[in-house]
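Take a look at the structure below.
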Amino acid sequence: MGSLYSEYLNPNKVQEHYNYTKETLETQETTSRQVASAFIVILCCAIVVENLLVLIAVARNSKFHSAMYLFLGNLAASDLLAGVAFVANTLLSGSVTLRLTPVQWFAREGSAFITLSASVFSLLAIAIERHVAIAKVKLYGSDKSCRMLLLIGASWLISLVLGGLPILGWNCLGHLEACSTVLPLYAKHYVLCVVTIFSIILLAIVALYVRIYCVVRSSHADMAAPQTLALLKTVTIVLGVFIVCWLPAFSILLLDYACPVHSCPILYKAHYFFAVSTLNSLLNPVIYTWRSRDLRREVLRPLQCWRPGVGVQGRRRGGTPGHHLLPLRSSSSLERGMHMPTSPTFLEGNTVV
């Protein structure tokens, strides 16, 4: 074990693994690569900004301090950190990669794994919360804070453990034949483990939302039609974006596990597949703010404050620009559902699932 960790600071180890798994090493910065890197950095900056706006909205408005919005804030935080990690990953790629020590390489890839997996686990936590809120016709009892902290803490703890396993020893240093082609210092079995866990999470989210659909459809027959339509619309968007963004990355990692070294040239283009998965962090805040009118209004408020002489509703107002903003009305179905004996109503424009 000591000899394994002694290799972590070896400056030649990363190049050794890349020479073994890659047919050619891209050590020169071409124009196309520079353009692609610039585009990814701009995309990640957009991820950071929009998720930061969601976090500001949740933090500044006490109405959003309920369980559902706190989970959305946790999702926004993980997506924001994913954007930051992917910027660092991009800037430390290319010719810079071969100058990294193994511990630096593990930190680069591990940070991306931790934040992206935290985003996935946050989606699972939201699905669990929605199932508890709807299936049991009860948002939370006296254990509200405990349950929220448990779900949020568990999502980050599992993400840290999952992303930190390679630097703790589950890697292929000293065993080149066991190395991944896409991630040359990661063991293929670790890659398979990650894909399996994410696939199980996807199935769990699907199962929870199917359960929610069944509960909503089987109760309150007089309101089942509008509830079902709105719920199905939200679930279709959430699961559709999740699958579209993550399926390419899952597929390339499964192919990586199955292919012997140098036998699948498509693996050398894996960075494009991971770039697609990053879009999930870009689209998550768009989806959830679009489906919640109050959250959308609060997220856009800082942007409206920068427009001279324009109030919350976009009308020309007197006085100092950006001041004396109108208070938000409580129109969220989630908030109304807390005081009703029935499950929350999923109405267009107000729904959060």
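Glycine is no exception: its Cβ is also placed from the backbone N, Cα and C atoms.
Residues or ranges marked as S-palmitoyl cysteine by Swiss-Prot: Cys305.
The average pLDDT the prediction assigns to the topological domain 'Extracellular' (1-34) is 77. Here Swiss-Prot flags 1-34 (among others) as topological domain 'Extracellular', drawing on similarity to another entry.
What Swiss-Prot lists as topological domain 'Cytoplasmic' is 60-66 (among others).
Per Swiss-Prot, the feature topological domain 'Extracellular' maps to 96-109 (among others).
Per Swiss-Prot, the feature topological domain 'Cytoplasmic' maps to 129-147 (among others); the stated evidence is similarity to another entry.
Here Swiss-Prot flags 174-189 (among others) as topological domain 'Extracellular'. Same-chain residues lying 6 or more positions outside the topological domain 'Extracellular' (174-189) and placing a CB less than 8 Å from one of its CB atoms are 3-4, 7, 13-14, 16-18, 20-22, 102, 105-106, 109, 166, 252-253, 256-257, 259, 261-262, 264, 267-268, 270.
What Swiss-Prot lists as topological domain 'Cytoplasmic' is 211-233 (among others), and the listing cites similarity to another entry.
The feature topological domain 'Extracellular' is assigned by Swiss-Prot to 256-271 (among others).
Summarising the annotation, Swiss-Prot assigns topological domain 'Cytoplasmic' to 293-353 (among others) and lists similarity to another entry as the type of evidence.
Nonlocal intrachain contacts for the transmembrane segment (35-59), taken as residues 6+ away from its ends with a CB within less than 8 angstroms of a stretch CB, comprise 65, 69-70, 72-73, 76-77, 79-80, 82-84, 86-87, 90-91, 93-94, 275, 278-279, 281-282, 284-286, 288-289, 295, 298-299, 301-303. Per Swiss-Prot, transmembrane segment is recorded for 35-59 (among others).
Annotation comment: Swiss-Prot describes 67-95 (among others) as transmembrane segment.
Outside the transmembrane segment (110-128), and at least 6 residues removed from its termini, the chain residues within Cβ reach (under 8 Å) are 68, 71-72, 74-75, 78-79, 81-82, 84-86, 88-89, 151-152, 154-156, 158-160, 162-164, 166-167, 194, 198, 201, 204-205, 208-209, 238, 242, 246, 277-278, 280-281, 284, 353. What Swiss-Prot records for 110-128 (among others) is transmembrane segment.
Beyond its flanks by at least six residues, the transmembrane segment (148-173) meets 1, 4-5, 7-8, 13, 17, 67, 70-71, 74, 78, 102-103, 106-107, 109-115, 117-118, 121-122, 124-125, 128-129, 140, 179-180, 185-190, 194, 197 of its own chain at Cβ-Cβ distances under 8 Å. Taken from Swiss-Prot, the feature transmembrane segment covers 148-173 (among others).
Per Swiss-Prot, transmembrane segment is recorded for 190-210 (among others), and the stated evidence type is similarity to another entry.
Feature annotation from Swiss-Prot assigns transmembrane segment to 234-255 (among others); the stated evidence is similarity to another entry. Through the fold, the transmembrane segment (234-255) approaches residues 120, 123, 182, 191-192, 194-195, 198-199, 202, 205-206, 209, 212-213, 264, 266-267, 270, 273-274, 276-280, 283-284, 287, 291, 346, 351-353 of its own chain, all at least 6 residues removed from its boundaries and within a Cβ separation under 8 Å.
Summarising the annotation, Swiss-Prot assigns transmembrane segment to 272-292 (among others) and lists similarity to another entry as the type of evidence.
With DSSP states grouped into helix (H, G, I), strand (E, B) and coil, the topological domain 'Cytoplasmic' (60-66) comes out at 4 helix, 0 strand, 3 coil. Residues 7-11, 13-15, 18, 25, 27, 88-89, 166-167, 171, 173, 183, 185-186 of the same chain lie 6 or more positions beyond the ends of the topological domain 'Extracellular' (96-109) yet place their CB under 8 Å from a CB of it.
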